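Visitor: Below is one structure. I have some questions about it.
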Amino acid sequence: MISGLLKKIFGSRNDRLIKQYSQNVKRINALEPAMQALSDEQLRAKTDEFRQRHANGESLDDLLPEAFAVVREAGQRALGMRHFDVQMIGGMVLHDGKIAEMRTGEGKTLVGTLPAYLNAISGKGVHVITVNDYLATRDSDWMGRLHRFLGLTVGVNLSQMDHEAKQAAYAADITYGTNNEFGFDYLRDNMVYTAGERVQRSLNFAIVDEVDSILIDEARTPLIISGQAEDHTDLYLRMKDVVPNLTRAMEEKDEGDYWVDEKGHQVHLSETGYEHAEQLLAEYGLLKEGTSLYDAANITLMHHLNAALRGMTLFHKDQHYVVQNGEVVIVDEFTGRLMAGRRWSDGLHQAVEAKEGVQIQAENQTLASITFQNYFRMYNKLAGMTGTADTEAYEFHQIYGLETVVIPTHRPMVRKDMNDLVYKTADEKHAAIIADIKDCAKRGQPVLVGTTSIEASELLSGLLDKESLPHQVLNAKQHAREAEIVVQAGRPGMVTIATNMAGRGTDIVLGGNIEKQLAAIRDDESLPVEEREQKAAAMKAEWQEVHNAVLASGGLHIIGSERHESRRIDNQLRGRAGRQGDAGSSRFYLSLDDPLLRIFAGERLRAIMDKLKMPEGEAIEHPLVTRSLESAQRKVEARNFDIRKQLLEYDDVSNDQRKVIYQQRNELLETDDISETITAMRQSVIAETFRTYVPAESVEEQWDMEGLERALASDLQIIAPVAQWFKDEPTLSDEEILERITKNADEAYQAKIDLVGDGTFHQFERNVMLQSLDSHWREHLAALDHLRQGIHLRGYAQKNPKQEYKREAFELFEGLLDLVRREVTRVVFTVQIRTPEDVEETAPHAEVQNVQYQHAGYDEALGEGEGAEAAGQQPADAGPKIGRNDPCPCGSGKKYKHCHGKLS
């Protein structure tokens, strides 16, 4: 009550903002006569003048009044369209990084030209984002005329464009494109192997058209790039034959080709083992004569040999996995349950498949993924336009930090929004809709019928056919054709049935749109100029008559065939009528069979109808019914908001990690010499290995010098006679020993550089680092995905799933960084680089096939929800408890206590 009183005295925040912006509009209007007096060349020269002034320290805010006045005049000259005062306010709202809610028909597309021009002056690029390729192309051509008139460059970013065309589009001052394409380009740019392959510049300023659709409706579905890893089936099969020919040593000191470290779950080849393996691989035609497993070109062979050895010696059938229906299925080592659908990484699963003689499946990996929330929050400044944002203002503020400002209409709104009519059955509702359409058609009033599904639109179309009523059906599939039809939906007596989103972004002009016909007359050079003007004038006069007739019939009539889950979508449908002060009306027809009513209010309304003994075909019409429906919609909207917020909270964890990995990649691509990074990695890995065998602040009796020497040689290929040093000089401190090992490693590293020269070796290091980062990041994405799918079950253990996810994801990430450090150090020391050609062999290349771009379903991408209502439920996979003497569920035939029971 008090807040309402204060609002009356001081006005709402929205009113105060509009008042402030209106002061600026007065300044812009005062500049209009001066702009009108300029020639085209002088007007165009203003762009360079603004750039110079901005470079000299003037802010974009200082330039705003003059720049907006220039755009208004250019709009008049290039497009024949003058920006209204309310459109100027909309432009300022967008420039301030807010959301402008403007009614349908108020010229949002034209409003976007104002902040786009002003922000393009900085030279950092502006992205104008729309919902489909058709609108991106249309707006870049249409509004591009204004920008090009003022000397700016305009690009359009479409799917299926080649690399050069994309780079050119992003290099332009203003780039139009779709949300999906901008997001995928960002992901692709973080998968390239040279800086020159990237297409995007820094993310400076984005203007999102239909911002509610992009930032809210599509925010539940992440963008995913996935693909099949390179097919090495043949290699796995041949490696399977190589491994049995190698002999196993029981202990590390014993003779043999390899020994198995069961504690560390690794297999290590001895020096004789490497030689024997090289000989066998040469016999099988896998290794070229005169080459070594240590050569740069043979890193893949080394990887496959290691996978085959591990698969053969460390993973046993009916203990670690079972073979079922021709597939290798992992057995959970703690529960003994089968883990269908899970696969080991690093080629291990394929090695086991080769061992068991089943079909080897190519790994389908997620290569990169991001949500729209996290992509758009990376822009330095974000703004949006829509006809309906006020209902979601809270979400825009919570998730994106964006304020919503409702822009006043240019002319007062006179559309008549009638109360909903609720019928008992769907058949009664459909009969009432047909009767309403018939009545409108008789009076020559155009009708737009909005449906929530293609099925519903086809049903109504069939009923209209039975009544022999001419009509057109639009389902959101062919955007370009739809736009043409929607434009003409305002002709007298025209009946159009459309799904809610069909033809969005295109205005319905009462009397039809004659712009195309007028353009054809103006461009017809076979006619004299005078005759062209006469023809155009006659066409306009004819259109005015039709326009007036439609207004007299009541303007466009909107019929909603059912309420949508979101009030915003209903408001969008209503907003198709009553544009720019035109007459119009809207009415929703509902039945108790509609999903929303059935779930939230059906029983109560049905009871009322039964009590009133309402005859068939009669409807309930009352503001109370409309209000209760809006309350039901609010509940659904709140639930959907919670789902999106939850997705974001989970994705924020991987987003922080994504930023770290992508930043490292970018530094690698932009730095010529990464030897400092490699040195820091090497020293960190050596120190960690050293402290494993020589703990800090420990006595000499606890030091394992022989173990340290072996670990340095086998894990890092660093040869340091540590045991001998200590024997010769017993007084050596642990710090001195570490210093010597580091010095030895530094000398060995420098010797490798001296062999081929700085440039060649540093390029090799970069290649190794990129490959390692990319492959481990892909595996990490899969691990996070698996973690997220099962994390909700932690709720049953009275743990917070979100906190658990954050903690475990952090541990996984630390493990990833450690793996990369160790792998890069080992490969740099192991691989022998003799010529620049060897470096070419190590160059990373896209090891994936059948790359797919998905805007995947939320449930598919997220797995199950967090399971907040955990108390009264059972875990999805909870089976009966296994007794110690029961057969083990892995299928081995042993008792549980002698099989997987040992592990738990």
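Every residue gets a Cβ built from N, Cα and C, even glycine.
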Visitor: Given that Swiss-Prot assigns GLN87, GLY105, GLU106, GLY107, LYS108, THR109 to the ATP site, pick the one from ASP439, ASP465, ASP507, ASP523 that the record assigns to that site as well.
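Guide: Only hit among ASP439, ASP465, ASP507, ASP523 in Swiss-Prot's ATP site, alongside GLN87, GLY105, GLU106, GLY107, LYS108, THR109: ASP507.
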Visitor: When you tally the Cβ atoms that lie within 10 Å of each candidate's Cβ, which of the binding-site residues (GLU106, ASP507) has the highest tally?
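Guide: Ranked by Cβ atoms within 10 Å, first place goes to GLU106.
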Visitor: Out of GLN87, THR109, which has the highest number of nearby Cβ atoms, where nearby means within 10 Å of its Cβ, if these are the binding-site residues?
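Guide: Its Cβ has the most other Cβ atoms within 10 Å: GLN87.
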Visitor: When you look at GLN87, GLY105, GLU106, GLY107, LYS108, THR109, ASP507, which the record names as binding ATP, what is the longest CA to CA distance in angstrom?
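Guide: The widest Cα-Cα gap among those binding residues is 16 Å.
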Visitor: Among all protein chains shown, how many Cβ atoms are found within 10 Å of the Cβ of GLY107 (ATP binding site), not counting that one?
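Guide: There are 20 such Cβ atoms around GLY107 (ATP binding site).
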Visitor: How would DSSP class GLY105 (ATP binding site) in three states?
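Guide: Going by the DSSP assignment, GLY105 (ATP binding site) belongs to neither helix nor strand, so it counts as coil.
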Visitor: Considering the binding-site residues GLY105, LYS108, which residue's Cβ sits among the greatest number of other Cβ atoms within 10 Å?
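Guide: In terms of Cβ crowding, the pick is LYS108.
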Visitor: Other than GLN87, GLY105, GLU106, GLY107, LYS108, THR109, ASP507 themselves, what residues in this chain have Cβ atoms within 8 Å of the centroid of the ATP site's Cβ atoms?
Guide: MET102, THR104, LEU110, VAL111
Visitor: With DSSP assignments reduced to helix, strand and coil, which class does GLN87 (ATP binding site) get?
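Guide: Reduced to three states, the DSSP call for GLN87 (ATP binding site) is helix.
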